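> Provided herewith is a single structure, encoded as C-alpha cells, for subsequent inquiry.
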Amino acid sequence: MKATGLRGPAMFSGLPGGFWLLWTGTLVNRLGTMVLPFMTLYLQTVRGLPLTTVGVLMALFGGGQVLSQLIGGALTDRGGRLPTLTGSLLASATVMVLLGQAESLLALATGIFLLGLVVDAYRPAATSLIADLVPQRDRARAYGLMFWAVGLGFSVATLLGGTIYELGPRWLFWVNALATVAFALLIIGWWRRGTVPRERPTGKREDGGTFGAVLKDRPMVVYCLVTLVYGIVHFQSITTLPLVMHADGLDARAYGTLMALNCLIIVVAQPVVSARAGNWDLTTVFGAGVLLLGLGFGIGGLASSLAGYACSVLVWTAGEIAMVSVGQTIVIGLAPEHSRGRYSGLWGTSWGGAAAMLGPLIGTSLLAGGAGLLWSTCLASCALGALVMWTLRGEIRRRCAVTEEEHAHDR
C-alpha cells in the first residue's frame, strides 16, 4: 500500500456522519464513566466493607465482564446492531442507578455482577456498525479515533469524578447513568431518522448464531490468544506497577504522574498514528505494538527513579497506540459479515474481561518472585506474541483484502 498519511484536519475528514454520531456518543459516555474508577473506594469507605470483601465483589464484576462482550456479540449477530446497542446501554444505565441505591451485601454483589455483565455488551454492536459504515481503507483511522474518544473522555471523567465524589459519592451513579442514556438517545434518534446502514442478509447462519464457527477459525483464535497476552501484560500498569514503584520509594503521586503522561501521549499521538495506520501492514503494526509493550515493561525492570519509569511508559504507550490503531480492523477483516458481532465479542473479551481477571493473578504471582522475574516475563511473553503475529501475516493480509473486495462489491 502507498504510505500516504493525513495531516492536520484531514485526519478527521472523509468519515461518514454516522461514524461521528457513534464517536460523539462514545465520548459523552466516557465523560460520564465515573463509577468504576471509584468503585473500590466507594465500597470500602461509604459501604464500610473490608478489603477482602471488596476484592470478592470486584472479582464478581470481572466475572460478569468476561461474559459481557460474548453475550453482546451473539445478540448483535442475532438481533441486530441497533437493538443490541441501545438495549445494552439502557440496561447499563438502569443497573447503575439501582447499584447506587443498593445497601445490603447481597444487593451490592448482585448489582456489581450485573453491571459487569452489561457494561461492555454494547461494544460488539458499535464495532460492527463502524464496519458497516466505514470502508476497509479507513477503518484503522476510524477505530483509532474511537479509542481516542475513550481515552479523552475517561481522562476527563477521572478528574471530574474525584470532585463529584467529594460532593456526594452517590452522584457518580446518576452522572454515569445519564451519560449512558444520552448515548442511547443519540442512537435512537439516528435509528428513527432511518439513516442507519441496513444489515444485509447473507444466508450464512449455518452455525445458528453460536461461537462454534468462531472457535474453529484458527487464525482468529491465535490472534485472540496473542491479544490475551497483550492484555495481561498491559494490565500490569494498574496492578503490579504501582506496587513495584512503591517498593522503589516512589509515592502514589509519582504513579499518578506516569498515568497522566500515558493519557497525554495517547491524546496527542493517537489521531496521528491512526490516520496513517491504514496505509501500513496491519499485522506488522499490531506485532510491533505487542513487542513495544513488552520492551516498555522490560525497561521498567531497569528503572528505579521517576525518570526511568517515565522512559518505560513512553515505550509501552507507543505499543498501546499501535495495537489499538489496527487491532479491531484485523478482527473485522477476519470476520464474515454475519459474524462480526461474535468475532468482536470474543476479541474484546480476550483483552478486556479475561485479561482483567488473569492479569492481577499472574502479575502478583510473578512479583512474589521479584520485580525482575515479572518484567522479564512480560518482555519474553510479548516477544513471543509478536513472533506469532508474524506467522499470521499472510493469512490476515489475504482475508482483509477479500473483505475490502466484498465491501466494494456490495456498495
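Yeah, the Cβs are placed from backbone N, Cα and C, and that goes for glycine too.
Bear in mind that TrEMBL entries carry predicted annotations, made automatically and left uncurated.
Not measured: the values here are computed from a predicted model.
Sequence annotations record features per position, and here TrEMBL assigns domain 'Major facilitator superfamily (MFS) profile' to 18-397. What TrEMBL records for 20-43, 49-70, 105-122, 143-165, 171-191, 220-242, 254-273, 285-307, 313-334, 346-367, 373-392 is transmembrane segment.
Neighbours and distances for these, please.
Residues 12, 15, 22-23, 26-34, 37-38, 41-42, 126-127, 130, 171-172, 175, 260, 263, 266-267, 270-271, 273-275, 277, 324-329 of the same chain lie 6 or more positions beyond the ends of the transmembrane segment (143-165) yet place their CB under 8 Å from a CB of it.
Within its own chain, the transmembrane segment (171-191) is flanked in space by residues 18, 21-22, 24-26, 28-35, 38, 42, 82, 85-86, 89-90, 92-94, 96-97, 99-100, 161, 164-165, which lie at least six positions past its ends and keep a Cβ under 8 Å from the stretch.
Within the chain, the transmembrane segment (220-242) has long-range Cβ neighbours (under 8 A, six or more residues past its boundaries) at 214, 252, 255, 258-259, 262, 289-290, 293-294, 297, 300, 316, 320, 323, 327, 330-331, 334-335, 343, 346-347, 350-352, 354-356, 358-360, 362-364, 366-367, 374, 378, 381-382, 384-385, 388-389, 392, 396.
Within the same chain, residues 226, 229-230, 233-234, 236, 241, 244, 248, 250, 254, 257-258, 277, 313-327, 330, 371-372, 374-376, 378-383, 385-387, 389-390 sit at least 6 positions outside the transmembrane segment (285-307) and bring their C-beta atoms closer than 8 Å to a C-beta of that stretch.
For the transmembrane segment (313-334), same-chain residues at least 6 beyond its ends with a Cβ under 8 Å from one of its own Cβ atoms are 127-128, 131, 136, 139-140, 143-144, 147, 217, 219-220, 223, 227, 230, 234, 237, 258, 261-262, 265-266, 269-270, 273-274, 277-278, 280, 282-283, 285-286, 288-297, 299, 340, 343-344, 347, 351, 396, 399-400, 403.
Beyond the ends of the transmembrane segment (346-367), by six or more residues, the same chain brings 59, 62-63, 65-70, 73, 116, 120, 123-124, 127, 211, 214-215, 220, 223-225, 227-228, 230-236, 239-240, 243-244, 327-328, 331, 373-374, 377 to within a C-beta distance below 8 angstroms of the stretch.
Note on the transmembrane segment (373-392): residues 219, 222-223, 225-226, 229-230, 232-233, 236, 240, 244, 283-284, 286-288, 290-291, 293-295, 297-298, 300-301, 363, 366-367 of its chain, located 6 or more positions outside it, place their CB under 8 angstroms from a CB of the stretch.
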> Can you tell me the mean pLDDT for the domain 'Major facilitator superfamily (MFS) profile' (18-397)?
88
